Every structure is written in C-alpha cells, then in structure tokens.
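A.B. asks: Quick one: the structure is below, questions incoming.
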C-alpha cells in the first residue's frame with residue numbers, strides 16, 4: 001500500500017535536550033511539500049559533528065533529530081520535484097546546491113546560501129518542520145536529520161546515486177569521506193611531492209590522509225593523541241605518525257624540526273582552537289597552507305601571532321571538502337564503485353539503529369573510526 005501523501009509513523013532517535021542520551025521514539029513524518037523529498041533512510045554514519053550538538057559545543061534548538069551522513073531510497077516526492085523519483089537511491093546533502101546563489105554560481109564556492117549550518121533554524125526552508133513526536137514539533141538538523149527511518153529534505157539537498165551502490169558503505173560520502181578527501185584534493189589542492197600534516201585521525205582525518213596520498217604527497221605526517229589510530233593511518237597512506245604526548249615541546253616545533261621549514265599543507269580535523277593555531281604555525285612560513293575542517297566550538301575565539309600570516313602563510317576553511325554537493329556526490333559514488341578509493345577501512349562498526357547510544361559511546365571513547373547504523 002502506497003504511503004505517498006500520507007503521514008508516516010516510524011522510529012527515530014530524538015534528542016530532547018543536550019547532554020542526554022538519544023531516546024528511540026515513534027515520530028510522525030509529514031508528506032513532502034512542493035520541491036521536497038521524503039527518504040527512507042537505510043544506513044547512517046555517526047559523525048563527531050552530531051556529538052557536538054549533544055555536548056553543546058554546537059548550539060541547536062531542541063528537541064531535534066540529528067544525523068547528516070546517510071543513504072537511502074526515495075519514498076515519495078512533492079510537487080515540482082524532477083531530479084529524483086520514488087525508488088531512487090540517494091544521499092541527503094547537508095550542504096545543498098540550489099544552483100542560483102553566489103556560492104553555487106562561483107567556480108570557487110560550494111557553501112550554498114540555502115544551507116542551515118550557520119542560521120541553525122532547525123526548520124525546512126519554509127520555516128516549518130516535518131517531524132512531530134508526542135504532539136511536539138521536532139527540529140531538523142542541517143537540512144538532513146538522518147537518525148530516523150524516514151526524513152524529508154529539500155530537492156536542493158539530495159543527490160541521486162548509482163542503483164548498485166552499497167548504501168551501508170557510500171553513506172560516508174554524505175559527510176566524513178567527502179569532507180576529508182576533498183579538503184586535500186579540492187580545497188588545498190595538494191601538489192605532488194609535497195609534505196602534509198594531518199591533526200586528528202578520526203574518519204575525516206583519515207580521509208584527508210587518503211586525499212593527500214591520492215594527490216601525490218611524498219610525506220604525510222599523521223598526528224593524534226590516540227596511538228591506536230596510527231596503524232590505520234599508515235595503512236591509508238601516512239608516512240609518519242606523531243603523538244604530541246610523547247614530547248614536552250609544542251607540536252608545531254616538533255613538526256618544524258621534522259621538516260626543516262614546516263609542512264606545505266596542514267589540516268586541522270579536531271575542532272580545537274589551540275590545534276588550529278598549531279596547524280597554522282606548523283606550515284612553511286612563506287607558502288604553507290593550513291585548512292580548518294574541525295567544527296569550531298560555539299562562542300570560542302582564537303588568538304594568534306599575525307606575523308604567522310604576514311610572512312605568507314594561507315589559512316582557510318573547508319566545508320564538505322569544497323565539493324559542489326549535487327554535482328560531486330554521484331561522481332564520488334561512481335569513483336568508489338570503480339575502486340578509485342576505499343571506504344571499508346573507515347568503517348569499524350556496523351550496528352542496528354536502536355544501538356545508536358552505544359555507537360556514540362564508541363566514538364567518545366576513541367574506539368571507533370566510523371560506526372554505521374543500519375535500519
């Protein structure tokens with residue numbers, strides 16, 4: 001029996017307030033309005049950015065359904081939707097691509113003005129929500145909300161992918177892999193023979209390592225305080241692994257000693273202001289490029305010596321790896337299917353959706369790289 005045009009009741013992980021576990025609830029998911037798509041989520045990854053909302057480092061309205069790295073199948077579409085149809089395999093996009101704003105029209109931009117990353121409204125573009133639970137409206141998360149059996153997204157925030165794609169693997173292209181890999185090949189444009197330093201070896205950081213290797217970097221220094229992550233980093237392309245706890249001097253001084261005048265490219269994939277400054281200071285004084293990928297904590301400010309930039313260094317940010325989402329995601333999935341890169345080493349745990357709290361515990365204890373929840 002078709003569910004198109006009807007409210008769907010399904011299971012979702014609702015976060016009622018910060019610093020509390022998820023609660024598996026029955027929620028009502030309204031039908032898609034014009035230019036919206038309702039998706040049956042089949043696999044979703046657990047990302048550190050979701051945890052930032054739980055801890056309060058990323059401020060969002062509550063109650064909320066988190067999750068933004070996923071893959072699924074279109075259940076129904078609203079009026080005017082032409083890019084996808086029921087039955088299509090898709091990946092929701094937390095960075096939409098409207099094709100009309102200045103960022104979409106620029107060859108240099110990718111952060112579409114239709115995104116809900118900065119405004120943090122927790123609502124669909126029309127200012128309303130499609131989720132209710134126990135009579136209460138539930139907020140969306142950055143236009144995706146994938147910790148639920150069904151979600152609704154705007155047509156600008158969904159990409160059709162290959163019908164043969166394994167969703168429990170390619171869901172990582174919805175955030176972690178694309179964010180890291182793209183920061184190296186798309187944002188920094190790492191050059192062959194260069195030296196790179198990657199601060200933080202979670203799923204995104206390891207994807208940066210993979211991107212640096214693919215770009216032809218000759219030396220990739222992987223940095224983390226958890227030495228258990230070093231074997232995987234080396235497997236994926238790191239040439240050196242450094243634990244800052246093994247040194248009494250600041251990490252940027254260690255890197256300067258290792259490289260002479262600093263690295264060509266550094267990547268901060270943690271989200272701490274002190275490591276952002278350290279990553280900048282570890283770059284070559286004249287032409288080093290440092291890229292921030294880690295989500296900065298709310299309300300924190302950064303202080304640094306402006307001479308670090310005056311001498312010629314470049315400091316830049318990267319959201320979703322600099323990719324234009326609707327254009328890039330189908331191609332990245334196709335590249336994965338053609339074995340141009342691997343995703344399997346990033347996935348350390350596959351859990352049933354109802355074990356979402358266990359998945360977050362693994363993340364916080366540093367025991368997982370990516371946990372994928374399956375429905």
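In case you wondered, yes, glycine gets a Cβ from its N, Cα and C as well.
Note that this is a predicted model, so its numbers are computed, not measured.
I grabbed these lines from Swiss-Prot:
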{"type": "BINDING", "residues": "47, 68, 175", "note": "Zn(2+) 1 binding site"}
{"type": "BINDING", "residues": "98, 101, 104, 112", "note": "Zn(2+) 2 binding site"}
{"type": "BINDING", "residues": "200, 201, 202, 203, 204, 205, 224, 229, 293, 294, 295, 370", "note": "NAD(+) binding site"}
{"type": "MOD_RES", "residues": "2", "note": "N-acetylserine"}
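What's the neighbourhood like for each of these?
C.D. replies: The 10 Å shell around the Cβ of residue 175 (Zn(2+) 1 binding site) contains 33 further Cβ atoms across the protein chains shown.
Around the Cβ of residue 98 (Zn(2+) 2 binding site), the same chain contributes 104, 112, 113, 114, 156, each under 8 angstroms and 6 or more positions distant in sequence.
The Cβ of residue 295 (NAD(+) binding site) lies under 8 Å from the Cβ of 48, 49, 52, 57, 58, 271, each on the same chain and at least six residues away in sequence.
In this chain, no residue six or more apart from residue 2 (N-acetylserine) has a CB-CB distance below 8 Å.
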A.B. asks: Relative to the Cβ position of residue 204 (NAD(+) binding site), how many further Cβ atoms are located within 10 Å?
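C.D. replies: Taking every protein chain into account, the count is 31.
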A.B. asks: Using a 10 Å radius around each Cβ and counting other Cβ atoms from all shown chains, which of the binding-site residues 200, 202 yields the largest count?
C.D. replies: 200
A.B. asks: Within 8 Å of the Cβ centroid of the Zn(2+) 2 site residues 98, 101, 104, 112, which other residues of the same chain have their Cβ?
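C.D. replies: The surrounding set, listed in chain order, is 96, 97, 99, 100, 102, 103, 105, 113, 114, 156.
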A.B. asks: Rank aside, I only need the closest one: which of the binding-site residues 47, 68, 101 has its C-alpha nearest to that of residue 293 (NAD(+) binding site)?
C.D. replies: 47
A.B. asks: Taking every protein chain shown into account, which of the binding-site residues 47, 101 has the largest tally of Cβ atoms within 10 Å of its Cβ?
C.D. replies: 47
A.B. asks: Round to the nearest Å and give the CA-to-CA distance linking residue 204 (NAD(+) binding site) with residue 175 (Zn(2+) 1 binding site).
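C.D. replies: Checking the Cα atoms of residue 204 (NAD(+) binding site) and residue 175 (Zn(2+) 1 binding site) gives a distance of 8 Å.
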A.B. asks: With Cβ-Cβ distance below 8 Å and at least 6 positions apart along the chain, what are the contacts of residue 68 (Zn(2+) 1 binding site)? List them in sequence order.
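C.D. replies: Listed in sequence order, they are 47, 49, 50, 92, 94, 141, 142, 144, 145, 146, 174, 175.
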